[in-house]
Amino acid sequence: KGKCPEDGWDESTIELFLHELAIMDSNNFLGNCGVGEREGRVASGLVARRHYRLIHGIGRSGDISAVQPKAAGSSLLNKLTNSVVLDVIKLAGVRTVTSCFVVPMATGMSLTLCFLTLRHKRPKAKYIIWPRIDQKSCFKSMITAGFEPVVIENVLEGDELRTDLEAVEAKIKSLGAENILCVHSTTSCFAPRVPDRLEELAVICANYDIPHIVNNAYGVQSSKCMHLIQQGARVGRIDAFVQSLDKNFMVPVGGAIIAGFNESFIQEISKMYPGRASASPSLDVLITLLSLGTSGYKKLLKERKEMFSYLSSELKKLADNHNERLLDTPHNPISLAMSLKTLDETNDAAVTQLGSMLFTRQVSGARVVPCGSVQTVNNYTFKGFMSHTNDYPCAYLNAASAIGIKKQDVDVFLKRLEKCLKTFRKEAKQEKTINEISDANAATEQLED
């Protein structure tokens, strides 16, 4: 049926299935005689076994989705993977999605492929409207495609950074809709930025007849992000949404899913990919989804939500103990931020030093964001880089509850963070005492004089 099984398969069943697919490829035929330049020959047995002897990759030279006659097994693997992934995207919340395909590139290059496809539809267009998110790959995806990003600064609402819809519409009017390739919005992001106002942006795109591409990098694991995409497509326009394989399905980096609501447009994107492609990302995600089944994947999504609530409550307690606060970002379902105001006021270098201390204590993924850092990316200068705005009111630390996180991860992180913050408080107290003694000595010397 081309759907993800409800209950996961055991490893031996999956391996048997993959071997059955592999023997359909010509390079594995007994007595095969290959006289071409690409015959699925592999020098290393280890490499052959690593890929289950599925060596031909996917697609043909002119179309990544085309069936390759001498690689029937690999072609079937590709078709099945796309079908199973489509089923899981529907299960995760975007029920009206009609088409998707796995592409052997990470999210940034997959976005570039979408923009290059739109170039043929809108030859006059040279701008991409982009509500600011301080993440280099999504910014570079527009530059690499040859377009000029038009950065729309976010607006601060409470602690949250949200989409400035008025600025988006004003920019469309000033540049002219025909000169704009698309609006490039974002769902999953680091707090205190929250997902873009997708519904409103989708309506604006529909009203001005402008394509809309969504960077849904790690949004499949969030029912809220997927709901935003579903609603955006219902009330307005979303042409394609792109998500990472590694972040959403816990496979090695190297693949993404391009999905959408218009099957012909998604096929256009797949045909834009030049040449054949590696089957590795498709193989990885198919093995993973067959082993999990829909019940296993749903369980992971449920656990992630529970861990988000736990991380949120425990991080708030820790913040309160150190005269800090958990920033109020209810619209962000994955990432949290804790202020580092006290630390920042104590010592200019303390914030970045905390990041270094956490990293050396084997805490990965936590981001420490100081105030006022400046970064130049492809000749564009961003003030307050990493904070998604020029002047966020305070320095802060990010932590995320992503799929696969365990209670032990949260507990160890909080324990190590607590230790680091106590070290800073102790040092600050000692410094204060030293300063008080110095001031007292200076006052005594003045009296003696």
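Each residue, glycine too, has its Cβ placed from N, Cα and C.
Taken from TrEMBL, the feature pyridoxal 5'-phosphate binding site applies to ARG38. Per TrEMBL, the feature substrate binding site maps to ARG60, SER61, GLN68, ARG276. What TrEMBL lists as tRNA binding site is ARG234, ARG361, LYS426. Residues or ranges marked as N6-(pyridoxal phosphate)lysine in TrEMBL: LYS247.
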Legend entry - Fewest other Cβ within 10 angstroms of its own Cβ, chosen from the binding-site residues SER61, GLN68: SER61
Legend entry - For ARG60 (substrate binding site), the one of ARG38, ARG234, LYS247, ARG361, LYS426 that lies nearest, given that the recorded positions are compared by Cα: ARG38
Inset, instruction - Calculate the distance in Å between the alpha carbons (Cα) of ARG276 (substrate binding site) and ARG38 (pyridoxal 5'-phosphate binding site), and round it to a whole number. - result: 11
Legend entry - LYS247 (N6-(pyridoxal phosphate)lysine) and LYS426 (tRNA binding site), distance between Cα atoms, whole Å: 38
Legend entry - Proximal residue to GLN68 (substrate binding site) among recorded positions ARG38, ARG234, LYS247 (C-alpha distance): ARG38
Inset, instruction - Could you check which of the recorded positions (ARG38, SER61, LYS247) sits closest to ARG234 (tRNA binding site), going Cα to Cα? - result: LYS247
Legend entry - Residue, out of the binding-site residues ARG38, ARG234, ARG276, ARG361, whose Cβ gathers the largest set of other Cβ atoms within 10 Å: ARG276
Inset, instruction - Determine the most Cβ-crowded residue among the recorded positions ARG60, LYS247, LYS426, using a 10 Å radius around each Cβ and all protein chains in the structure. - result: LYS247
